[in-house]
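Notes for the one structure printed next.
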Amino acid sequence: MKPGYQQTINEALKHWHSSEKGLSPDDIRTLQKQYGKNELQTPEQKSRLTIFIQQFKDVMILILMGAAAISFIAGETTDGYVILVIILGNALIGYFQEYNAEKALRKLQQMSAQTTVVIRDNQHIPIDAAELVPGDIVVLEAGNIIPADGRLLTVSALKTEEATLTGESASVEKKTTPIQEDKILPADQRNMVFKSTIVSNGSGTMLVTATGMATEIGRIATLLEAEPEKTPLQKRLQTFSRQLVVVVLLLCIAFFGYGLYRNEPSLTLFLTALSLAVAALPEALPAVITIALAQGASRMVKHNALIRKLPAVETLGAITYICSDKTGTLTLNKMTVEKVVPAEGKDNLLLHALLLNNEVRFNADNVLLGDSTEVALARYALQHGLTRDEALTRHPITDILPFDSNRMRMATLHPYDTKFILLVKGAPVKIAETLSPLYSDTKEALLQQNRTWAREGLRVLFYAYTILDTKPESLTEALESNLDFLGMAGLIDPPREEVIAAITQCKTAGIKPVMITGDQPLTALAIAERLQIIAPGDGTALTGADIMELTDIQLREKVKSVSVYARVSPEQKLKIVRALQQEGQLVAMTGDGVNDAPSLQQANIGVAMGITGSDVAKEAAHMILLDDNFATIVKAIKEGRHIYDTIKKFILYVLSCNLGELLVIFFAPLLGFAVPLLPIHILWINLVTDGLPGIALTAEPTEKNIMQKPPRPPKENLFAGGLLPRILLTGILMAIAAFVLQYIAVSKGYPILLQQTMIFTLLCLIQLGNALSVRSLDKSVLSVSLFRNPLLLGVIVVTIGLQFLLVYVPFLQPIFKTTALPLEALRDTVIVAITCFIAIEMGKWVTVRLRA
Ligand code: ATP
């Protein structure tokens, strides 16, 4: 059998039992069974069991297991069992959270799966690329990631970039003719295309010859361990945790040594030292952050923002600039033709050009598919008396020079009586450049007309043509010269209503919205005014040509103040992003085309369009807008800020609680008190009293003023924004409260067990108060209604309930080493707890004022 590249198109079609009309549903079912899914193998997803087992790899849990073992050996079986139950409970909570996060992320991945257009049963249909089978006919266009290996059937100016496969970054021009040589490498198989490479230019169709692991890329693909990328915050926390472990271990050793010196029983001392470590280390922190990010990502998808890279959730909250394409994102992408003016006597030819000079496809129900500008133009021609069949019979499209955003025009070739006609349309200035010298006098008037339309916010296209005696070998740019003017069309694309509100919101949130468009400056400014990106009459637009004149330094100066860019090419978008970033800005940039990938990658948040975006743009993006809507970016930023705030609240809560416990245990002996908390109390406080409210805090709703604050500084330190003083202050206040209570208890002559039960209860109450207090980072606890977070409310009730059970139920008392609190002791405890809570709130008030 000949390899695919040696076969003619007919041989290839026959070989795969297919035809230009594609496969039939029956074929497909059998083939799918035979060849399986068109997927590259990925590393196994974590199973439930792995997730569960992983919970036990935590250092903390290992310490606890050690503690349990020692308790059993020393005959303290009750302690041993209780510790085991606590370990299990902790692992279960961790498991459920991680499992849910994992599930949410997997769902997000599935949502960003690639789709591809196939011809089956003579119909163009979009399908999931994983469903492709050998024999399928796939339609390729610029920006596609090629979904399988295939033999090309038709090409028009098709070029691919095969760096993923061959390492060669230059694009390869493709053809359809068979190649005679033998044993040639994929890089030289010019009539074949390969999975995972990119269509950088033109269009074509291919016959699928290999899918999944049978493709060239499948053969060389090594399984990459998809280790999720860590966010800056996670990395900083990791370093912080490592440093903390060292400090805490040293403290534990010191504590143990000092206890031995005081002649305390060594087993209790040892267990207390271990529980001190448990109390001081914020073990839940990294997991909770991943979970908060994953939950945030699932909430965002409900608002149509699909996160592809988890760190984006965190970055979103710090965005200072949103650079957005106009068409489809700021506007509806519902182009309609407002005006058409033909050149004299060219009415009919212009109508034909409107209908034929494009890459619009008709589906089975005669619905027009394709670029919205082109669809609008073709529809206009149909509404004005042309039929597609008639036009195509008289002037079939024999060749296409596709639209390209640098050239800003496209050309089609058609038979014209015995000759050929080249129809060209494009941006007015670009077409004016191609007109014959005969137009040197009238050109300016035409461009003037264009400007008048543009000022009304219209997208203007010029049409031109030339008659050729013979059919050119291939269409090249050189043919687009010496043309005759054919007419002009003006289209309107109404702004999206909701965008105006979103833009106002950006402004109050300290985020600058910037419009970037391929349209001409006057059109761009007219639309920018309507969207309130600029005030009426006050704007100038920076054009691509201007940008080329500027040095990098000058551009950096400019970018800060410019709100509208016009006639900008994808390469210039990259320059704009870089310049803004050098100015210390965090930039979200939208894009849809294949050439947008570099700027999407460079941006802090690359945003691809879900509906109109190319595969390549989606692949490069951090986030995909499922509805292509600018307002969705703003919603995602709001959610991003909310998540960052939540994480900050959680860090504040956990670290201040831990510090409080640490100080109490560490300093009580130094102050001459009896051991204030037993190991079992410490474990309970740490895992239940701290743990449950901590989880509930991640369900905290958005604070109302979140979009009225400026973005957080991009390089903000983990403990910035007054977090560190708050942690220290809260921790110290907690410790002081405990010492005061113990002092009261001692002076009233209470036995040690009662003292301990009081401190145990006190810390439980204060932690819950602290959970309430951190709900707002800068406002008083009274300003946030408790009913906005029912989970936290529930947790508080349950935790207080449990605490009372531990203290008052007789059979639990020996297990948890408590004793019933007499009324007076309970009263003292509650009074000290409330005083401490008020002090924490006042501390918040003071730190916020000091920073302002
Ligand atoms: P925006 O940047 O606002 O999203 P866009 O991405 O559609 O707009 P380009 O596609 O770069 O911008 O188009 C640039 C210019 O090229 C348009 O202003 C128009 O004049 C011209 N143009 C757009 N589409 C076509 C087409 N299909 N054929 C010919 N010319 C076109």
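Just so it is clear, glycine is given a Cβ too, placed from its N, Cα and C backbone atoms.
Just so you know, TrEMBL annotations are computer predictions that nobody has curated.
Among the features that TrEMBL reports, domain 'Cation-transporting P-type ATPase N-terminal' is placed at 3-76. Annotation comment: TrEMBL describes 56-74, 80-97, 244-261, 267-294, 650-671, 677-697, 718-746, 752-774, 786-809, 829-847 as transmembrane segment.
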> Mean pLDDT for the domain 'Cation-transporting P-type ATPase N-terminal' (3-76), as a whole number?
Replying inline: 84
>> If we skip the immediate neighbours and take only residues 6+ beyond the ends of the transmembrane segment (718-746), which ones have a Cβ under 8 Å from one of its Cβ atoms?
In response: 233, 236-237, 240, 648, 651-652, 655-664, 667-668, 671, 673, 676, 712, 754-755, 758-759, 762-763, 766, 770, 773, 777, 825, 828-829, 832-833, 835-836, 839-840, 843-844, 847-848, 850-851
> If you count Cβ pairs under 8 Å, which stretch among 56-74, 80-97, 267-294 touches the transmembrane segment (244-261) the most?
Replying inline: 267-294
>> So if I exclude everything within five residues of the ends of the transmembrane segment (752-774), which remaining residues of that chain have a CB under 8 angstroms from its CBs? That is, six or more out.
In response: 649, 652-653, 656-657, 660-661, 664, 673-678, 681, 684-685, 689-690, 693-694, 696-697, 730, 734, 737-738, 741-742, 745-746, 781, 786, 792, 795-796, 799-800, 803, 807, 817-819, 821-822, 825-826, 828-830, 832-834, 836-837, 840-841, 844
> Residues of the same chain, at least six outside the transmembrane segment (56-74), with any C-beta under 8 angstroms of its C-beta?
Replying inline: 80, 83-84, 86-87, 90-91, 94, 245, 267, 270-271, 274-275, 277-278, 281, 283, 679, 683
>> Same chain only, please: residues at least 6 beyond the ends of the transmembrane segment (267-294) with a C-beta under 8 Å from a C-beta of the stretch. Say none if there are none.
In response: 58-60, 63-64, 66-67, 70-71, 74, 76, 79, 94, 97-98, 100-102, 104-105, 231, 233-234, 237-238, 241, 244-245, 248-249, 251-253, 255-256, 259-260, 310, 313-314, 643, 646-647, 650-651, 654-655, 658-659, 661-662, 665-666, 675, 678-679, 682-683, 685-686, 691, 694-695, 698
> Looking only at the domain 'Cation-transporting P-type ATPase N-terminal' (3-76), what are its DSSP counts of helix, strand and coil residues?
Replying inline: 46 helix, 1 strand, 27 coil
>> Cβ under 8 Å, sequence separation of at least 6 from the ends of the transmembrane segment (677-697): give me the contacting residues as numbers and ranges.
In response: 64, 67, 79, 82-83, 86, 89-90, 93, 97, 268, 271-272, 274-276, 278-279, 284, 288, 646, 649-650, 653-654, 657-658, 661, 664-665, 756, 759-760, 763-764, 767-768, 771, 774-775, 789, 791-792, 794-796, 798-799, 802-803, 806, 815-817
